[in-house]
Amino acid sequence: MSIDPAGSQASRQLPINLFTRSPTDAIPQSTYFIPSAWRRFQLSELINQVLGNTAENGSKPVPFDFLVNGEVLRGSLEAWVKKNRGGDEESQIDVEYVRSVMPPEEAARVEVEDWVSGLSLSRKGYVLLSSYLSHLQVLPLSAAAQSSSALYTLPLPTSLGATSCTWVSPQTQETDILVAAGGVDRQTHVYSIPSLSPDTADAPRELYTLHGHTGPISSVIASSSGKEIVTGSWDGNINLYVLPDAEPTEHQVPADPVSYLPGQGTKKRRKLEKDQEKAPIEGLTDGDATGEGGWRRAPDAVMRGHTGRVGGLVWDKLDSGKIWSAGWDGSVRGWEVETGAAGALRQGPFDKSALCVDQWKMNGTLATGNMDRTICLWDTRQATSLISLTLPTTSPVPSVTCHPTSPFTLASATYSGVVQIWDIRSPKTALFTVSKAQSKLADPNRKVTKNGKVLGERLLAVDWNGEVLVAGGEDGEVGIWRARGE
């Protein structure tokens, strides 16, 4: 089929095979002879005309992106042929088209009185956040643009700070909802929220305090049933906790452990502790506490294997009996939850410290954010596979989140203060880069929080549910964007 629209300047025509993986957007298979000067806009118009997505038909045109050999077409077809085929205009070009990912649109900002350390959008309509103010907060997205008031503010029983957070109870559970936060105090604090209704009279409380680590908690995740919690730590270990069906009546772990932080268990200190009465640790005394602890529980299993800190955890989205961990030792490891056995090992370069990990539900591929300013993809379906693709960034990546339905897009947060949305079919550059500091909603005069904490630019957390994207970090704010990503 030859395309020569009226009024267009004479141009050489190239044989193009247009195809898509979306049945609803498919056009008849044919070789289209298309002017070499055409770019994305003209190609998108052609697809919409064939599909009948025109104003005459009462339909709104759909914007499309076009990929050639796995990379987004960013110029004309002629420019691509000159660059990649040495000017060969006779061979057919296979061009895949996909619905465009629209630029994220900032909707709101919520100020937090300290650095934001963790974010979760796993429960629709709400964002769960943890901060170094030692708070866990629940924010309703519907009211975020008008008010920064949290629906619940849950204080940790320590002033050392919260490092991560997760929803524990499944979406279907509407009462006695469990949430969890990992802390610098080596513990994971699990809270029970009576209801997310603002009219609830009952107050939330800390139900469990999970012990067992010797370093700060770096990541906390929960199973889809809400019955199990897994934590990763700077001590290199991964702990599994099985929550009881009914509230217990006694503790599994004694109160007031001797030391909470790395470096406090030195030989000299242990000798002094033999001669002196045990004293409360600074930051964990009753006077500094902001709440009461829950039932103290020990781990049901400890998974060992990492030779450095555990950077992040993700529950396998295709196999509920498996979890994945990424570590500062450059490895990604798969673990069987029931036995605690290491079922898979992907060892990358030892200097490629992984700070976080997430997984695409569509194909099981893992994505890690790394200290060496890269995002790495790992194919979990091949036992001997290492890094299958690397995306370059400008600074370390402490948080990544894969799109829940698209197998190609993900979002990342970086230490340089930017949020990036990627399409792995075009891995050289991000589709969109958003700087929180340069946003119209940013307050240039806010240098410190009300409690005197100095603010910075590094982002520490990002999450994306396919419709809403949130990010936060040292700037003491949660940025909220509308972003579909399909």
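The backbone N, Cα and C atoms fix where each Cβ goes, and this holds for glycine too.
Computed from a predicted structure; not experimentally measured.
Feature annotations, courtesy of Swiss-Prot:
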- 12-99: region 'Ubiquitin-like (UBL) domain' (REGION)
- 212-251: repeat 'WD 1' (REPEAT)
- 249-299: region 'Disordered' (REGION)
- 305-345: repeat 'WD 2' (REPEAT)
- 349-388: repeat 'WD 3' (REPEAT)
- 392-432: repeat 'WD 4' (REPEAT)
- 454-486: repeat 'WD 5' (REPEAT)
- [ ] Kindly report the helix/strand/coil residue split of the repeat 'WD 1' (212-251) according to DSSP, in that order.
- [x] 0 helix, 17 strand, 23 coil
Task: Cβ-Cβ under 8 Å with the repeat 'WD 2' (305-345): same-chain residues at least 6 beyond its ends - done: 215, 218-225, 228, 230-238, 240, 351-361, 364, 366, 368-369, 371, 378, 380, 383
Open item on the list: Using Cβ atoms and a strict cutoff of less than 8 Å, what residues sit near the repeat 'WD 3' (349-388) while being 6 or more residues removed from its termini?
Closed with: 219, 308, 311-314, 316-318, 324-332, 334, 394-407, 410, 412, 422, 424
Task: the repeat 'WD 5' (454-486) - residue tally per DSSP class, helix then strand then coil - done: 0 helix, 19 strand, 14 coil
Open item on the list: Per DSSP, what is the helix/strand/coil residue tally across the repeat 'WD 4' (392-432)?
Closed with: 0 helix, 17 strand, 24 coil
Task: Helix, strand and coil residues within the repeat 'WD 3' (349-388) as assigned by DSSP - done: 0 helix, 18 strand, 22 coil
